[in-house]
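> Just lifted these from TrEMBL, have a look:
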| type | residues | note |
| --- | --- | --- |
| DOMAIN | 1-177 | domain 'Laminin G' |
| DOMAIN | 187-373 | domain 'Laminin G' |
| REGION | 378-399 | region 'Disordered' |
| REPEAT | 405-505 | repeat 'CSPG' |
| REPEAT | 536-629 | repeat 'CSPG' |
| REPEAT | 646-745 | repeat 'CSPG' |
| REPEAT | 878-972 | repeat 'CSPG' |
| REPEAT | 1081-1180 | repeat 'CSPG' |
| REPEAT | 1215-1312 | repeat 'CSPG' |
| REPEAT | 1330-1421 | repeat 'CSPG' |
| REPEAT | 1445-1535 | repeat 'CSPG' |
| REPEAT | 1618-1717 | repeat 'CSPG' |
Amino acid sequence: MYPALSFYGDGYIHLRTVEASNQTLLHVRFRTSSQVGLLFLAAGRRDFLLLELISGCLQVRLDLGSGEHSLRSEKGIHLSDLAWHSMELTHDYHNVTMTVDRNSHTRLRMPGPDLELSVEDGLFVGRAAGLNNPQLLNISTGFRGCVDEVVFNEHNLLSSLRPYSGYKRIHEVSLGCSQQFSATEEDSVSFFSSKAFISLPLWEVPQEGVFECELHPSAKEEDGMILYSSGNKGGFVAVEIREGRLVATVGNGEGNKIELRSLTYVHSNLSWYPIQLHLLPQSVQLKVGEELVKANLSLELQVIQLKGPLFLGGLDEEALREAKQAGLMSVVPRGQLAGAGGSFKGCLREIRVNTQRTGLPHAAVTKDITVGCKTGKAPDAMTTASPKKRSEFDDTTKQPVTNNKRNFLLLRKLEVAEGGRAPLEPKHMRVNLDFRKLGIHPSKLMFRIERQPVHGQLRLDLSPGSDGMLEVDQTFSMLDLWQGRVMYVHSGSEVQQDFFMFSVFSSSKKELPAFLKGNRLHRFDITISPVNDAPVLSLPEGNLFTVAEKSKRQLTTDVLRVSDPDSSPAELVFSSLGNLTTEVGYLEHQDYPGRAINLFSLNDLEEGKISFVHTGIPTSRLALRVSDGIKLSNTVVLRIMALPLEHKLMNNTGLEINQGGAAIITTIHLAVQVSGASQAVEIHYHVTELPQYGELQLLHSSGDWKPTTSFSQSLLENERIRYINTYYGLQTQNNITDHFKCKIIIGSLTTEEVAFRIVVRWIHFKVTRSKMEVNGVQSTIITPRDLHVISKGAKLNESDLYFRLLTIPKKGRLIFNNKTLQRNSTFSQKNITDGLVKYELLKILQDDTRDMFSFQVFSTHANSATYDFRINIKAESSTITFVNKGLSVLEGESKVLNKDILFIHTASNREVTYSVMLSPRHGQIRRINLSNSTYNNDNIVTFTNQDIIEERIMYVHDDSETKQDSFTFQIMVSKLHKYDSKKEDGNTAEYTFNISVQLVNDQRPVRVVDKVFHVARDGQRLVTLNDLCFRDDDSDFEDSWLVYTRRGIPMGDLVLASDTSHKLYEFTQRDLEQVVAQDPYIQVENNTGLIVQRGGITTLTSANLSVFSNIDIRDPQEVTFEVFLPPKHGMLCFIDGDQETITEADAISIFTHRDLVTGRLSYRHDGSQELSDGFNVTVKAREKSTERQLDRGRREVHLDTGVVVKIYLESHQRPPTVISNHPVVVSERHNVPISRKHLEVVHEDSQPSEIVFTVQSPPTLGFLQNTGEQQHLYQREHPTYSFTQEDLNQGLIIYHQQAAGSTNDSVLLEATNGVTKVGPIRLEIDIIPILLPLQVSDLTLDEGSSLPLTSDIIQVANHHFVGMNFLYQVIVPPRHGHLEHNRIPGMPITAFTHTEVEREYISYIHDGSDTQRDNFTIVANQTETKKHSLPCTVYVHVTPVNDETPVVVANKGLKVWVGSVTEITTNDLSAEDLDTLPDGLEFVVTPPSNGHLALRNAPSRHILNFTQSHIQTGQLVFVHSGAMTGGFHFQVNDGLNFAPRQIFSTTAHSLVLTLQRNHPIEVYPGSVTPISEQELLAVTNNVSDIRRNSSVVFTVTAPPKFGHLVQPNEHHDYHRRKTRLLNNAGAVVAEGGRVMIDRSKLDASNLLGKIPEPHRKDHHILYRVISLPRHGALSIQGHNLTGDQPDFSQFTINKFGITYIHDDSETTSDSFTFRAWAAPLDLSSSPSSPSIVCFVL
């Protein structure tokens, strides 16, 4: 077993090898605490074997080409417990077994048919580095732990850590099992290189996060990275040491960042510093010790979400690049790259993330770190401390020190010889004290040994019986020192320095100075003088040295061992004693072969350059000794024994390889075992006969494989010899093998020649499909159903099988990747499978025809013979019948589009798609949903003929007042292929479908003038449209047609204005109840005032000033306005001419209503600075005279009113400016005030109260309310439609949100300063919904596969919830699958977070069942905002996968008659496949040995493949010929999966015909007598299991002379009574062939029986063809029968016959219809009642 190796998360071993085998053995032994990790991977282009840890259990994933299958260890066995575990995996064809720790067994059976594991991309241990294989999805991360054995078949991947360029790569793997894998969270971590780091899992910071640790920097003042974590869009968080101080940085990828700088200098004293980084939603805090630094985050930095791993102490290569781009100073070069990798040098401990303790047990990747820290604080020289508590930090007293600055102790080094002893004398430890003055005796001045010497001992000679060791308290006095009792004894080691630590104190009870209290440490140094020792020579393995006869053996340090610590290997020289004659042997140096030596150095011995060469007698002696140049060692004697050499050829298994492939030859294939001597004998193989079809190659140190003719067994052991097959071409013979021969040379012995056999799996191509049919389309994709080739022998992928065009088609062209293929163009079988090759006709063909091209199949190492690809082209009629009759619909009605009004009739079953190019303007096209559909089918843009047939397409009118509508569309005619692709014929022409709308009088009249009609008491007034008006919205109805029906007026009458005596009754009661009789009055109807520019003039019209009265006023001249208070800053005048000539004399004081209506009256400003003016008038009016008024006189009314004039400046003509327009944010069902921060419009010369907003389009989801209007407060019925900027400034405008379910609203406003306007202004209203707006999308995946749930599938689509983490709860789980977390595979989950969705941790796993739909329902929750969503259903669409293998359910064989045609039924032969239709199950057969297979419609055409559908529909027949017993081999496939090959047996039996009865019959003249079985009976023999007994047919060879035979039950068509022909047997013809119709098939001579006997010789039989064959032609001696020449006679049939020629179409039947009659020889016209007969082919 090899030493264990350590993998640190990103380490791996990659061995490049190519091999394939049906049997595999894998053995792995490992130790880890990680829950996940990749242990081993054997990868091919399609196949793979993966061993990984998942949740502490072992999982094997295996794909041999027929789909992936997995195998897991038992659930109860936990393998992440830091114990050693072993795993053995065996794969033997179908059977896979995994054994864990030798007692836990789990098994798997691979379904086949692929059972061979093909490895092309090599073997991986620890991590799949650089592998890009789409087959390998969701593999584990790198392994962290120890591995001491990985053996895959003959490959031992851990045998050596030496990489080979191009062959073996090793990355971040170290020898031995590292202690860090067993470290705990309490252990500190030391970072010792510039590239050191720890990678921890993601630091999740949903709202806030805290990182804490204690930091101890190294003594070197270097910058370095402490913490780094990357975020989305280039964001990051980092903590680093810069110039001795901690700096925390938060930044994004756009250059925005903020830094927090600590003032604490961490290199000031070597101690531990607690640090804390606190991330808050809007700020960040850094705490170093007691120092706290804070900073607020900008909006750009508040949205950073961390997504990468958390790096501590340093960065990996990818994170280092990100940090450099972000400009982090600790990794940015300053002259030279800072720290090379920017890592922190020092220690970290007490690591916590979000208050949870973490550390090495949670690391994903580590680099250059150790467990534990050797740190501490160096004590001050004047500090009293116990040295036992600070064992690693000592203070050396180099100079005497006293408290009054006089040194009291002077130390001098002690010199001792190596291995000797020397006393400590007062000269070594001089004390500068006045003992008398201090009052102490020298015996009271004590020295305590605080730490003994490392390479010796201090002894105190107290008494002769003492052992000399110092006492327990390790003390001696100054008196002992003076008396020479203290002795240093050296241990004899080769170290030349030693020391001990001591303190000084006094045992006196008197008060002494502080330096005599024993609290200071002193160091005493000792120098060792080296002494040269004699070398010591030994024989570790004994004195017997065996060597193979006539060979040489290397001498090693295991044979001769020298011990001399004070000499180098080059100084130690061996010498042999005595004469060692050449008859025995001699010593040899590698650099001087063949020359005997007797001197050599230890350096030569250690380098393996010294060998003993045996030449003669079997036993001898060799005496050796060593000299260091001064002294000699002892002498040793080696007994040399030569043993006879025995060898055995242990392995010569040969090799099995694919044509063109390469395979490593190892000692498993070829090996020689040598016995007799324990030495390592060189074994060489010299090739005497090279391989015929390949070559042997050696892997050189450069990584290149080069040819070789010799190799050694060590090269075989190191897997550096391979055989590569170089033969190009096809082998015509079977069982051709390759081999090479070699002689084996063992030492100087040459053995016999051996042959190494190489079995080559030669490439053989088989074209299984090479025919295609084109039915009525211009282009079609060539699929594997049309062109398919497979390789036999060597197994090749579709991408390695190529086609080369030798000829190109003549009537079409081949297109690949939109390029036309020419001769010698190539494409692959994979291109065919992917649908990239298509055949396209050059022109539209009117007749059926054929086309073809020739091709050759080739691969990298072989090519085939020539094959033809036949193309049958059916000129299917491209004409279509187009029904487009339009639609008539009532206004607001909907109607279904059926096939009678819109439809495309095609000549065959082809799919028609309608693409709506221009939708209806006044309606929608809708698809009627199925009961289980959830799709929105409003306003569709595509539909099909099938939709129209199922009456699912409906036009819905929008109820508008429109008479016509239409939509424009294009059609696409396509034919659904057997595969999913479609063959299409596009028609770019556009068609219009017209829709006629019949309007409906469905609009009620609406009153547009709704007010009280005022009339003076006893007076009259003209009723106009200003008093009473209705409208009707029906577009085909004029408002002038509305009829008002009067129901009675209690206080007056309606009369004609021209004839007051004519009363009217056409008005409603409700309308006329509002007429109120009152006293005469006059009121102001309109008084808007005037706006005029300073110094300007403006017209005063009825739009500015008008009055209303209830008296009858017919003429505006009757209303007068008298000015009793004129304007102060202007004047009123009439404008009849030039405005420039108006003077003050033109001022007026009276005007009429007519002047206002005609616009004659004007106001002119005098140009003063006043900006306001006005005038007052008295309005007078008199009613029209009537007969009734003559009695009382005409009544008059009057009214005083004032008109305000506003003066504006020139600047007021400039529009106001919108300076603020920001969205208003409101929660659903809540209110929010709209202030100036949302909307502000200003004008330089207008006050906020003068800026008036008018609502042009109110909000749809709420309403505006002015709280300044106390009435109707918060009432929806009275919203605000006008307000001022002052109202906004005071916060009086409130938006009330009412409608639910929407997130956006808006209001359209127009602002004015009284003169000019600005707008429209759209004020957006952003609504925060109550329910989370959860949106889901459908999933589409293959059957049995998985698909991750991404944020495109599940998301909360609202910007108010961006950055929040949602919890999705599954309230209705899927029925045909489950949801699972990628890190916990196989375990269904019922809840997951949005963060897990963003990282694609959550996947939907289909259960592999044959279901095409699934769904699950989820609800989103957000606990912080206490919001949730409505349930949403995710619909899953499953694409079926052909993964079931066909099963043969019936194979009973067949019994037939000799020479018969027998149908093969499902009882005889049948297969089933759960996911394939019968027409997709193909039987591929070998030619039967006693007949052939055919289809019923073409029994003469041999076939070698058919489908299950042919069997079920009764089309498959067996045509017997040849031997009585036989059969054929067959194999069933569904295009992908193959059933095992089987045999179908066929047995023939001879048919024996026996005539049992032949009795005469009696008949009466002129009568018809039936012939029954009683008179004539022939029978056949009966054989069981033959379903059909042959029918017996009687052939008349001599007809009766006095009558004729008739068949009263003729089976032909409805003309039975008239078509009794003598013979009409029909004919059988091969496709594209011809058949002769003679009198045995067609004979109507019996019709002459109707002619009297005397006249028959003057008549003959004539035929006239009235319906020619559809799929062929009739010919007589080369001349075709046509519609112009349709006649022939029975004489022609008897003499020449008629030839029917088939047109080679894919048809199974044909016929022609003719008339037959007896005609005079001189007259060939047709009689009135001929026989009409159909001849069937």
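Any Cβ shown, glycine's included, is placed from N, Cα and C.
Just so you know, TrEMBL annotations are computer predictions that nobody has curated.
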> By DSSP, how many residues in the repeat 'CSPG' (1330-1421) are helix, how many strand, and how many coil?
8 helix, 43 strand, 41 coil
> In the repeat 'CSPG' (1215-1312), how many residues does DSSP put in helix, strand and coil?
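Reading the DSSP string over the repeat 'CSPG' (1215-1312) gives 8 helix, 47 strand, 43 coil.
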> Where among 536-629, 646-745, 878-972, 1330-1421 do we find the most Cβ pairs under 8 Å to the repeat 'CSPG' (1215-1312)?
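It is 1330-1421, which has the most Cβ pairs under 8 Å.
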> Out of 536-629, 878-972, 1330-1421, which stretch touches the repeat 'CSPG' (646-745) the most, going by CB pairs under 8 Å?
536-629
> Give the residue counts of the repeat 'CSPG' (405-505) per reduced DSSP state, in the order helix, strand, coil.
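Its residues divide into 12 helix, 43 strand, 46 coil.
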> The repeat 'CSPG' (1330-1421): mean pLDDT?
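Reported value for the repeat 'CSPG' (1330-1421) is a mean pLDDT of 88.
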> What is the three-state DSSP composition of the repeat 'CSPG' (536-629), stated as helix, strand and coil residue counts?
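When I sort the residues of the repeat 'CSPG' (536-629) into the three classes, I find 5 helix, 47 strand, 42 coil.
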